[in-house]
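Asker: Structure below; questions to follow.
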Amino acid sequence: MGELDCCPAGSQAKVHVSVPPLVEVMRGKPVTLDCTPLENPDHFVLEWFLTDRSGTRHRLASVEQQGSQLQGTVHDFRGRSPPYQLDSQGRLVLPQAQVGDERDYVCVLRAGAAGTTEATAKLRVFAIPETTEVIPNRGTLSVMEELAQEIATCSSRNGNPAPRITWYRNGQLLDVPMEVNSEGYMTSRTVREASGLQSLTSTLYLRPRKLDREASFHCAAHYSLPLGNQGRLDSSPFHLTLHYPTEHVRFWVGSPSTTEGWVREGDSIQLLCQGDGSPSPEYTFFRLQDKQEKVLTINLEGNLTLVGVNRSQSGTYGCRVEDYDAAEEVQLTKTLELRVAYLDPLELSTGEELSVLLNSSRTAVNCSARGLPAPTLRWTKDSVPLGDGPTLSLSPVTFDSAGTYVCEASMSTVPFLSRVRSFKLLVQGSPELRAEEMEPKAEGGWTEGDEVRLTCSARGHPEPELTWSQLGGRPAEPVLGGQGWVSSSLTLKVTSALGREGVTCEASNPHGRVSHVFHFGTGEQPWGRARNLGERNVVTPRIRGRGRHERILRGAHDATQTRSQGLGLGKSLGPDGWGRGSRGGVSMRAHVITQVR
């Protein structure tokens, strides 16, 4: 509130006006300057003045009270566009505030005998600057320089009041002075544009270190807003290109080397060399032969590729960093030993097939392997481990011994480097025979006309031929998962004639033959004659011994006895040696006689 005591001589009258001493507005927004009398004089004139930078007042507008109405007039536009305005309450209006409007505006109230008073309102116009721009030094800065070098220039344009610029490294504020020194400082320059807005430019100088090679730099412009608020605009980050000498050198075998340092013969490998100097120096790759360096290549990438490496390329390789700025104590040459692992094809002491006689003893096969590092040998059959080492011993040899044996050589320190060699073992011998039969459908025995399926299986080498004494036998076929077994089956109907002829299954190969007899026989009462039981004809089986051995199958029971020991079936044997059936019915079983010739 402004207050001025002014009155005619001898008068003590006073008037007062209320004017905000500071008015703040954003550029482009309208602003209204208020000047309100605190008393209610009968008549008054209110005038607005603009004070220029020299202190001269220029009347802009006036308002006169006429009864209950206010009559306002704008006297001087001062070239402003849009022009000044007065509202219905006599307040001065500035549409679209501009930076040039930042002045002192004086309100003078003349109330005749009540006196005259005035008050001043200061107008501040704020403008947010444009996007902060940074221009980094795109050259190469040497860390070996002893003075601060130009890092970047940061600009914040067209703001009001003038912004303030700060610098950051890795997000941390750089506390650099304005005074020039060898470690770091900054300079700044403010320019007032034709629009009245202000632009600020700041340049940062630093003495770079090697640690700055990966540092991120940026600047920020800080600007003022109404009511004491602050804003900030950050620039985009940038990095420096530095020149610094090599201090450390690394030299190693790249993929596909193993953890033990071995590489596989035939692989393409990379030898990688890396110095920590900048810019990247030249790398010289060489191989030591008879203590002499044989240069292999020179490049800037630090990469030597050996395509299809072989065992003759094992040896000492070296890399030298050609950095002439490096300190004398820095070791610029590194060497390593390249170890090429190899594994030659395996050799067996036998061919692809090995044929031995059944029940042979002391059968051995040797597996030879040559490689580096020394390989481990393992024998397997059907993926089942048999043992480690070069020699496979088989004793005694049975038909179960037949199959494919695999020798595998591997290296625990060199993954995926392995070889295998296999052979097939053939066991020569007379056939081995196995018979299967179907149980009767009826619990009492077979009924004439019943269908029965007989099966014979055999194995041996050469593969045995299976034949039947009756027509209708199916051709022999391999048994699934049967380890060399082949099987043939015969399906026929039960008749009384089978008691006289029997059914013979025979397996034969060049080493011998073996047969199986399925016999369904009839005889005299009470042991062999067919009896009429109701509507069924039941055939009583008769077992006839032939050859030296007989095998009797009673359901799941398989008993082998000599004829001199007697054969039991049902309750007793008849006086002629034929089996006697139980009273009340004839039990029918299929009996098998094995004949070895």
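Glycine residues also receive a Cβ, built from the backbone N, Cα and C atoms like all the rest.
Here the structure is a predicted model, which means the values were calculated and not measured.
The following feature annotations were taken from TrEMBL:
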- 567-584: compositional bias 'Gly residues' (COMPBIAS)
- 8-124: domain 'Ig-like' (DOMAIN)
- 129-239: domain 'Ig-like' (DOMAIN)
- 256-337: domain 'Ig-like' (DOMAIN)
- 345-418: domain 'Ig-like' (DOMAIN)
- 431-515: domain 'Ig-like' (DOMAIN)
- 556-597: region 'Disordered' (REGION)
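I'd like these features described in context: how deep, what's nearby, how far apart.
Answerer: Per-residue confidence over the domain 'Ig-like' (129-239) averages out at a pLDDT of 96.
Taking DSSP states H, G and I as helix and E and B as strand, the domain 'Ig-like' (256-337) has 3 helix, 44 strand, 35 coil.
Here the domain 'Ig-like' (345-418) has, by DSSP, the following mix of helix, strand and coil residues: 3 helix, 39 strand, 32 coil.
For the domain 'Ig-like' (431-515), the number of residues in each DSSP class (helix H, G, I; strand E, B; coil) is 4 helix, 46 strand, 35 coil.
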Asker: Can you tell me which of 8-124, 129-239, 345-418, 431-515 gets the most C-beta pairs within less than 8 Å of the domain 'Ig-like' (256-337)?
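Answerer: Maximum Cβ contact count belongs to 345-418.
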Asker: Can you break down the domain 'Ig-like' (8-124) into helix, strand and coil residue counts using DSSP?
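Answerer: Residue counts in helix, strand and coil order: 6 helix, 58 strand, 53 coil.
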